[in-house]
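Undergrad: In case it's useful when we look at the structure, here is the feature table from TrEMBL:
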DOMAIN    A:75-268  domain 'OTU'
ACT_SITE  A:Asp83  active site
ACT_SITE  A:Cys86  active site, nucleophile
SITE      A:Ile217  site 'Interacts with free ubiquitin'
SITE      A:Tyr231  site 'Interacts with free ubiquitin'
SITE      A:Asp233  site 'Interacts with free ubiquitin'
SITE      A:Tyr257  site 'Interacts with free ubiquitin'
ACT_SITE  A:His261  active site
SITE      A:Tyr262  site 'Interacts with free ubiquitin'
Amino acid sequence: MGDATREAEPRVDGKDAQVNQDVLIMEQQRQIEEEISDAIPLVGAKEDLLGTLEKEYISDPIYSMKAKDLSSKYNSIRRTRPDGNCFFRAFAYAYFERLLTCKDDYKGFYDIVSKSKDDLIELGFPQFTLEDFYETFMEVVERIGSGDMTQDELYELFNNQGQSNYIVVYLRLITSGKLQRDADFYLNFIDGNRTMTAFCHQEVEPMFKESDHIHIIALSAALNVGVRVRYMDRGDSAQVIAHDFPEGATPAVHLLYRPGHYDILYEQ
Amino acid sequence: MMAGPGPQPTGSAVRALGLEYRSLQEEPVEGFRVKLVNEDNLFEWEVAIFGPPDTLYQGGYFKAHMKFPADYPYSPPSIRFLTKVWHPNVYENGDLCISILHPPVDDPQSGELPCERWNPTQNVRTILLSVISLLNEPNTSSPANVDASVMYRRFKDSKGRDKEYENIIRKQVSAARLEAEKDGVVVPLTLEDYCRKPKAKAAEPPVDMTDFYVDDYDIGDDDDDLDMGDSDAGDDGDDSGNGES
């Protein structure tokens, strides 16, 4: 498959030795992404949890068992597109959806995010472009606060690629900002001898980079929003193990993790 | 729609490029000028970079094409010099290799020194400032032009006594200056002129970005050739672009 792609690449000035491998990888990734994006919306409709998962794991006893366990706590699931942004998009959608009805949490959240821009500029992000992302993000937050947003509109907005991705970008920046500010603490969680800034440049700020625990801890701490992740994997336990971020926080957002991907869960 | 293969440009790309282009027309940055290769296409820019004073590149005028991907600003643009540039990080065909334009894929050098990487807040301004700083401070750890890299190291290690590298650069710079003259461009030679902000263009009606669609955008008038115009005194606090490795 990789070879076919390479041969199809036109030679530039007879210098195929100089063809940038990264460009080829990007091209192939792009093709895969396109296939995924044709098949799965950025944020899907709410689906019945047990029905959906049982169908998916009909020939898989371990996962079927876990699906049953999960359905004793949650009744619906909402899928997100597996494009590397799924944690951020699932988080944003689930929390914004909650803010539509849970007005008590709004004020605190608003205060935190409206102050975030200056912190990020101070960290060296270019103001001109940062402001564009910030304003798009705040426009959505303010619409939610003013009651000028329905469930359907939120759903549409998150499936509009431009707006949806701008929200993801801004959450990535907030995450990067938190990691850099509290680098002394977060450095304990990363492998190798990268600096925190390098880690953020490579693993947090670029779009389509998958999230790890460290991203979740930093974002939930930065926004003071509790996240419960349910881990569904091949482990022995019949239970679907829960992790809360930050530790001990009351979860406002529930996500289902299956290796490599996050979806949104809705409690009973 | 847009020419060329590949995915359809997203609304984000048109929006981001429109905003940047407009802002660089209204508030040009020291050291470089930009214009569109073709008025109907926001995805290809011609840029002219002035060699920074007090470096080998002083007085140089380096033209390059910047090509933006359909999913800009999530992926970086590419830069190819049109002017001949002998430099460790420029391929023979003019393609520039610089960390800030490195696509955000997994790469084996993840342990390398922290350097600027692409992220969606990077923009033409930050890229070109990095390029200007790279001109004078090549990155010889992963050269695109090995011969230039070896020659540059000899030049550096001999503290400038081995002049081969310097001579080639000076030759290219004077050739580029002739090119500038042909274009009617005055290349700033002193640090003071270089950092001076050129007078902004006469006020144009603001473009309403909400009406900014691929098919019907309008990029102002025709007079955005790369002339320096009169310089307007006045300092600006803009980033000098230093600190890039």
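Including glycine, each Cβ sits where the backbone N, Cα and C put it.
All annotation found in TrEMBL is predicted automatically rather than curated by experts.
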Undergrad: Can you name the recorded positions among A:Cys86, A:Ile217, A:Asp233 whose CA is within 10 A of the CA of A:Tyr262 (site 'Interacts with free ubiquitin')?
TA: A:Cys86
Undergrad: Rounded to the nearest angstrom, how far is the Cα of the residue listed as 'active site, nucleophile' from the Cα of A:Asp233 (site 'Interacts with free ubiquitin')?
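TA: With the alpha carbons as reference points, the distance is 18 Å.
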Undergrad: Helix, strand or coil: which one is A:Tyr257 (site 'Interacts with free ubiquitin') in, per DSSP?
TA: strand
Undergrad: Say you check the Cα of A:Cys86 (active site, nucleophile) against those of the recorded sites A:Ile217, A:Tyr231, A:Tyr257; which is nearest?
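TA: Closest recorded candidate to A:Cys86 (active site, nucleophile) by Cα: A:Tyr257.
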Undergrad: I want to verify one value. Collapsing DSSP to three states, which class is A:Tyr231 (site 'Interacts with free ubiquitin')?
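TA: Reduced to three states, the DSSP call for A:Tyr231 (site 'Interacts with free ubiquitin') is strand.
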Undergrad: Could you check what DSSP calls A:Tyr262 (site 'Interacts with free ubiquitin') once collapsed to helix, strand or coil?
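TA: Looking at the DSSP assignment, A:Tyr262 (site 'Interacts with free ubiquitin') belongs to a strand.
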Undergrad: Where the distance is taken from Cα to Cα, which of the recorded positions A:Ile217, A:Tyr231, A:Tyr257, A:His261 turns out closest to A:Asp83 (active site)?
TA: A:His261
Undergrad: My understanding is the cutoff is Cβ-Cβ under 8 Å with a sequence separation of 6 or more in the same chain; which residues meet that for A:Tyr231 (site 'Interacts with free ubiquitin')?
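TA: Within the chain, A:Tyr231 (site 'Interacts with free ubiquitin') has Cβ neighbours under 8 Å at A:Val240, A:Ile241, A:Ala242, A:His243, A:Tyr257.
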Undergrad: Average the per-residue pLDDT over the domain 'OTU' (A:75-268) and send me the rounded value.
TA: 95
Undergrad: Which number gives the other C-beta atoms within 10 angstroms of the C-beta of A:Ile217 (site 'Interacts with free ubiquitin'), all protein chains shown included?
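TA: Looking across every protein chain shown, the total is 22.
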Undergrad: Count the Cβ atoms, other than its own, that fall within 10 Å of the Cβ of A:His261 (active site), considering every protein chain shown.
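TA: Around the Cβ of A:His261 (active site), 18 other Cβ atoms lie within 10 Å.
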Undergrad: Quick one: pull the CA-CA distance for A:His261 (active site) versus A:Ile217 (site 'Interacts with free ubiquitin'), whole Å only.
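TA: Cα to Cα, A:His261 (active site) and A:Ile217 (site 'Interacts with free ubiquitin') are separated by 16 Å.
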